[in-house]
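The following features are taken from TrEMBL:
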type     : residues  : note
TRANSMEM : B:6-23    : transmembrane segment
TRANSMEM : B:30-53   : transmembrane segment
TRANSMEM : B:73-96   : transmembrane segment
TRANSMEM : B:108-126 : transmembrane segment
DOMAIN   : B:128-421 : domain 'NADH:quinone oxidoreductase/Mrp antiporter transmembrane'
TRANSMEM : B:132-152 : transmembrane segment
TRANSMEM : B:164-185 : transmembrane segment
TRANSMEM : B:205-223 : transmembrane segment
TRANSMEM : B:243-264 : transmembrane segment
TRANSMEM : B:276-297 : transmembrane segment
TRANSMEM : B:304-323 : transmembrane segment
TRANSMEM : B:373-390 : transmembrane segment
TRANSMEM : B:451-470 : transmembrane segment
Amino acid sequence: MFGSLVSQLPIRLPSISYQAIGPELILFGAALVVLALSATVGRREHPQLYRGIGLFAAVAEGAWSANLLRLIDQHGPSLAIAGAISNDGFSAVVGIIVAAALVLTMLIGPGFVESVAGQGPEFVTLLLLSATGAIVMAQANDLIVVFLGLEILSIALYVMVGFRLRDGLSREAAFKYFILGGFSSAVFLYGVALVYGATGSTNLVKIAAFLSSHVLINNGVLLFGIALILVGFGFKVSAVPFHVWSPDVYQGAPTSVTGYMAAMAKIAAFAALLRVMMVAFHLQLEFWRPIVIALAVLSLVFGAVFALRQREIKRMLAYSSINHAGFILLGVLAATSGGVRDSLFYLGAYSVMVIGTFGLISLIQVDAGKVEGSLSLDDVRGLGRRRPAVAVLLAILILAQAGAPFTSGFIAKFSVITAVISVNEYWIAVVAMVTAAVAAAFYLRLVLALFSKDEAEVGVGDALYPVAVRGGSDQGLRLSTASLVPIWIGIWASVAITVFFGLFPTLLLDLVSRGKIFY
Amino acid sequence: MTVLDWLIALPALGALVVPMMSLPPENQRLIRYFGIAIALVELGLAIGMAVAFKLHTSSYQFVTKVHWIGAFGIAWYLGADGISLVLVLLTAVLFAIAMFTMKGVKDYRAYVGWMLLLEAACMGSFTALDLFLFFVFFELTLVPSYFLISDFGLGASGRAAIKFFVYTFAGSALLLVGIVSLVFIHDHQTGHLTFSLPALMHTRLPKGTAILLFLAFAAAFAVKTPIFPFHTWSPDTYRSAPIPAVVILAGVMAKLGAYGLIRFNLELFPATSRELAWLMLTLGVVGILYGAIVAAGERDLGRMVAYSSLSHMGFIVLGIFAFSTEGLSGSTLQMVNHGIYTAAIFLLLGMIYERRGTLDMNKLGGLQKKAPIFAGVFILVVMGMIGLPGLNGFVGEFLILLGTFITHRWWAVVAVLGVVLSAVYLLWMYQRVFHGEAKDDRSFRDLAPREALLLLPLVALIVVLGVYPIPLLSRINPTTSAIVHHVASAPALGNSGAPQAVASIVTGGAK
């Protein structure tokens, strides 16, 4: 009886292209190396070593992806590992963006996170693992592999969000993120199951082939599956109305983790979303575009409007990231190769900006003695006097997020607007730009606070002494010069990239326009 | 590189250098001198450009074109015609004066840096011939003005700065969508993705689309100008911004709106402009009357001048949409005139504020006896604003009314009321502030030599341009008559030839 259930045939493994999955192997391997080292040379003795390995892995992953991109340009894209992995320009470009986000986080994050999570290898390991998940999602050509990547990414993020164990807010955030994240994964998986039921495959290319050669008389199951998949992605990118977790999580997570999460979760989820929608369901465009339009418009409007009411900076940036998600969704709903390019540009520009922004907020928190916790607008009032460099750099990044000219944020907004206009959705472009104007108000409120003359909340002591001295109580974190160096390198790099690609966007545009999805 | 590149590059470079000048407090003046020097060199460049400018031609001069963002067909494309030229001159003059006026500023570095960046952005806006480049500069003006208003302003300047930013940004949001839509329509028709103005002028537009695009462009410029009913940001902003910033905001940046209407609305949508002229003319006339009436009721000098500015900008809009050479030349000239006398009046208001700490008319009075020279300069500027023959305001207003009367008689007839009203409220204001009983026995210092020197160029210009406007008019006229011809000769909006265009827009989804 069992003979019919258990196949007698030997299991045939597909041939594995190690070159195609090189990026994942590098990151995952580095994570294992860090863990093994920490077990042998001592957990807390060598934080610099772990970070060095992480940085090296991130750079190597970027270089490998760049090389893949070069090879793909020469020889064309292909599918690998029995069609489960897509080795195309899109995944290589996302690999490069992931590498950039990872390098910046490796530079900025560990110095701060050490203060809350100790000097162990956990942070670096989890960063590497989550980035592995992101790359799996970008390469996945099969809904099950998408789910695999999603879980690798998410589980690492759940842990990182809960790093500040002693803080109730952080515990709440981690729990909320875990419960809602798990729930959304389940919804996603249910959607995958329905799509499998309707089309007989989880492979994106096979789904597309099936849908182009068959006419479904009753396509309800398929459409419901697509809708559930969109809901799952909506949770991950925190698009309205699936955004309720994000302000709490952004506030509760350690600041560096927030910045990383804002960047990496978006890169990964949007990469997978773009590929799934463009490859598998391109023929169903007329059905899913209205859903994506609704998600985009709601995210744009509510992200901008709710942010106006926030006085807590990390919560405000959470709503701002919802607004950004709406902008990136514009590129998705266009569903053209131009839209893919513009979404990728936005993702790259946004990731760099947001990681730098949260790095600077971490620095301000160190000054204010609030280690990686929450930070209110009043805390940064008059910062321009006390820490001009921090204030100016933060102002540049905030203005870039608002879309000021000659920053990459401006070109990013411009390019997604062109994407929706090219498919004749003019009113959405108008809505998007109007929300950008509303969003400018809260960004400017932050900038206004930074350079405010009104120092009512700041005592005489604050004005007289450098702030690092003021925090001198034992609760405050004092960063050694050695750990400040990489932090400043990371922050300057993020500002420099933001301004450079604002002045010369052609370089980045050329890169992301090579990110073509293969199908 | 032509002189236009340098006009933008010089202040931009200056703005980059200034933040690096970390000097000890006693040498802060050096930064100020640096700013003044750059502004003066810039003025020299602008004058050199005016001298080298070829008369009797309406084509763009000093053209420079370099590819910038190839993927979108965006180029660094600059050029100047007569209208650009006079506005560049105005910008250079007013920035030089604004640089001299900083007094009581603590942080020279930020101040000079933002001013120089703003100057680069204004110069860029007036000379850009690529729509994207124009938009970039147009937006870029917001950032430095925001910081100038919020950091150096009077009273609750932070809120005013945010209001200013959000209002103008919302306006330009529509502009961006309009620009991109136009470019894509042009791309679908010709297969040539470009943002260059001369190329886009030949886009064929179906009627509905043309009207929507016209309105999208006009909205952005109407906020910036400001045109009634998009003016609500301006009284708050003019009232709380620091004086040098107001000189620039009201003197230069308000002209960006009117300039945009001429350069983009008239040139890109000539037939639509004819079609919708009634709307713009009506808004202009309503602005003239509404601004004048509210100004008459204002007690605060700053807000009063803001509303009078709304009224005067109404005249400029009137001249633009009159579609006669006289009207358009008058509008262009009036932009310069308005810039000059608004700058002068705000400088004078700043001096009153410095001496008395208030701009409330009820708390001022009898200043003429205490400061006769000050009062003399003030009345001269006020007369220029009213449009007394022999002073600059007269020439512009006269040409505008003449030009409008030829083509759109009834609007001109109503607008003349505005001239009368402006005489009423300005003279009334003068009377209350300078005549009558002094409200207290505090003395009121007369013009110091430094202040007099600052005002001298403006006052001289008010008189010279009133008596002899020919040097400007001869540079403006070829351009304006070409534009008027362009508008008049454009085929009327209709659905002829449009079906093909519509089909290509609707079907062409792929980029």
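Cβ coordinates are placed from backbone N, Cα and C, and glycine is handled just like the others.
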Same chain only, please: residues at least 6 beyond the ends of the transmembrane segment (B:243-264) with a C-beta under 8 Å from a C-beta of the stretch. Say none if there are none.
83-84, 87, 90-91, 94-95, 97-99, 101-102, 115, 118, 122, 125-126, 131, 134, 138, 141, 145, 148-149, 152-153, 197, 217-218, 220-227, 237, 280, 302, 305-306, 309, 313, 316-317, 320, 328, 331-332, 335, 338-340, 342-343, 346-347, 349-350, 353, 483
Stretch contact, the transmembrane segment (B:73-96) with the transmembrane segment (B:132-152), Cβ-Cβ under 8 Å, 3+ pairs:
yes
Take a look at B:6-23, B:132-152, B:276-297, B:304-323, B:451-470 and tell me which one has the most Cβ pairs under 8 Å to the transmembrane segment (B:108-126).
B:132-152
For the transmembrane segment (B:6-23), what are the same-chain contacts with Cβ under 8 Å, counting residues 6+ beyond its ends?
30-31, 34-35, 38-39, 41-42, 45-46, 49, 78, 88, 109, 112-114, 116-117, 119-120, 123-124, 127
